[in-house]
Every structure is written in C-alpha cells, then in structure tokens.
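**Student:** Let me begin by handing over the structure; questions about it come next.
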Amino acid sequence: MTPAGKRILVMAGGTGGHVFPALAVAKYLAQQGWQVRWLGTADRMEARLVPQYGFDIDFIDIKGVRGNGLIRKLAAPFKVVRSILQAKAVIAEFKPDVVLGMGGFASGPGGVAARLAGIPLVLHEQNAIPGMTNKLLSRIATQVLCAFKNTFTTVKAKVVGNPIRQELIALGAEPKPEADEALKVLVVGGSLGAKVFNDLMPEAVAILSQQQSVTVWHQVGKDNLAGVKAAYQQHGQDGGVNIAEFIDDMEAAYRWADVVLCRAGALTVSELAAVGLPSILVPYPHAVDDHQTRNGQVLVEAGAAFLLPQAILDVNKLAGKLQLLANDRTELARMGQRARDVAVLDATEQVAAVCISLAEKG
C-alpha cells in the first residue's frame, strides 16, 4: 500500500478515548511498514500504555489551562512556547512524513510545531463536539477528520468514524445467540466507575428481579468493590451479579451482554455500534460542553439506545427502562441491529489512508 520507511508522529493522550483510537491507527500503519513515534505527556495514561504496544514515546511538558486559576493562565503562554520548542526538537530528530493529532494536551504544541516545520498535520476528533485543542488546530491543519456529522462548523471536515479494535468489529459480525431467559445487563462506568450506577443498580435490580430474571456484570471502579457488593447483598441480589473493579476483557463482556448501561464517551458509543448492542446511556454531566449528550444522540436517533440525563435518573426510571427491554426481546434485538447499522467499520483504514496520501505527496 505504501513504501516501507515512512514515518508518522502520533499525538494522543490523557484519556482512553484519545489513546485507543490512535493506537488502532498506529498499529495498522506499523503493519504497513511505517515507523511510528508518539508524542505525549509523562504524567498521563499514554506514558504507561503506549510502550506496552511497542511504540517509542517522547514527552513534552504541557498541561491544560481551561478552568484553571489566574496565575496558571498568565503563565500558560510561556509554557506553551516552551512545549512547542520541545515538540519541534522531537520533530527535527524524528523527521516524520506526517503528524496525526487525536486529542490530548500534547496535540496542541505538537500540531503547531508540525506546521512550523512544514509537515502535513492530520487531526481526528472523536467527540461530537470538538475539544479546545482540536478546535484551535483545525484552523491550521492540512486535513480535519471527525467521527460524527456536524462536529466542526468553521472548517471542512471529513466524517470517518472512530477507529476501534478489529476484535470488536469482528464480534459485531458474529451471529447473535438465542437470548437466555435472564436479561444480561453489562454496567460500565469507566475505570473509576460511575457513582450513580453503583448507587442505583443494586436496588434497580432488586425491583426488576420481582418480575424478571436478570444477571449483571458490573464494573464498579477502583476501591468501590466492597461497598457495591454489600449493596447488592443488602438487596438480596448477590447471587446473579458479577462485580469487578475493572473489566480487562471488554470483548468477552460485550459478547455476554444483552444490553449495556454506560456513559456516552465517544469511544464507548462507537464500540456499542460496532458490536451491535442496545444501550441505556447516562452522559457524564460534567463533560466539557456536555459533549457526551451529543455523542449519545447518534445511537438514540438511530433507535439503538435510550438516553437518561443523570439529573433526572432514579431507581424507578432505571428499573423501568430495563423492564421495558426485558419484556420485548424482539425490540431489543432490533435495537442491536440498528446500532450495528450506524457503525463506521473502516474508520481505522480511512484515517490511515489520509495519512498515507499526504505522506506520499510530500
């Protein structure tokens, strides 16, 4: 597809929503013979995660400024200039043919440094509302890509979906097994858990189990295991519940589930679509610009999900939605198919193709 020896600098960090899609593209290009290098920050998750995938990573010193104190904001311009110079040094040493920015603090200085060096800059925005870094960089980027329609209003952007792991794409293509009598509910609140799910699910399951057999696989987050387990026991529901601080094998969890209760992060929404699972979405209420609500609307408008704002969520509403899905397995299956229908399954290849094209143009 492309001559071996091409080089790409990938900039993504801070959260899994940035890092994992970037890793999907990096792995794909590495398989094509590309040399991949990463730019990130030393105190965020990319510092630990990226080397595990065999990629070299360089660090620059940059932190976010949005919502911080006055002194930090006054110092920010000087820190930004320093971080741009740090990124410039990395670029001068590595000499990438193209730079890919997928969000996180390092993307801003790295993107500016790339354009100052005359290197093509590709941006990819995972959320339905762009983050501040990508919003600013979109004005100077060579090509802007996004996962959802109407993400950018001031620049022309190509909609390509969110890159996700090939294992999940393959899972979505598998025939769905016959539904068990028990409704299987997967609860995922992120690596830290979601307090609202941990607080409400034990009682909601108790209410639901009066009418319906139900089993639960609940990711409760770090340090929450004992408290949530006790809550399920208090409501007499510990028998059909699998509780874990963190679910390492999401492929197995998605394969097991009939329905997913979760937040509406961009990567989560894209994964639900790819694996073809119906969902109850509770957007994180403190997300910047309420972007999770916009993310979730993609599945809601397709008829593949229910969206419940956390401000109005209570035990009875949650139990009621689960009961509704349990009572109509045919509609549950249709919701799963609608989710799969809106999935963009070649997002990784599309992002890679843009990078390849720009690198070949020089």
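The backbone N, Cα and C atoms fix where each Cβ goes, and this holds for glycine too.
Annotation comment: Swiss-Prot describes T15, G16, G17, N127, R165, S191, I247, A266, L267, T268, V269, S270, E271, Q292 as UDP-N-acetyl-alpha-D-glucosamine binding site, evidence class sequence analysis.
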**Student:** In terms of DSSP three-state secondary structure, what is the assignment for E271 (UDP-N-acetyl-alpha-D-glucosamine binding site)?
**Tutor:** helix
**Student:** State the count of C-beta atoms found within 10 angstroms of the C-beta of G17 (UDP-N-acetyl-alpha-D-glucosamine binding site), not counting that atom itself.
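**Tutor:** G17 (UDP-N-acetyl-alpha-D-glucosamine binding site): 23 neighbouring Cβ atoms within 10 Å.
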**Student:** If you count the other Cβ atoms within 10 Å of each Cβ, which of the binding-site residues I247, L267, V269 comes out on top?
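**Tutor:** Result of the Cβ crowding comparison: V269.
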**Student:** Let me know how many other Cβ atoms fall within 10 Å of the Cβ of T15 (UDP-N-acetyl-alpha-D-glucosamine binding site).
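**Tutor:** Neighbour count, Cβ to Cβ under the 10 Å cut-off: 19.
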**Student:** To which of the binding-site residues R165, E271 does the lowest count of other Cβ atoms within 10 Å belong?
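**Tutor:** Counting other Cβ atoms within 10 Å of each of the binding-site residues R165, E271 gives the minimum at R165.
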**Student:** Any idea what DSSP makes of G17 (UDP-N-acetyl-alpha-D-glucosamine binding site), helix, strand or coil?
**Tutor:** helix
**Student:** Per DSSP, R165 (UDP-N-acetyl-alpha-D-glucosamine binding site) is which: helix, strand or coil?
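**Tutor:** Assignment for R165 (UDP-N-acetyl-alpha-D-glucosamine binding site) reads coil.
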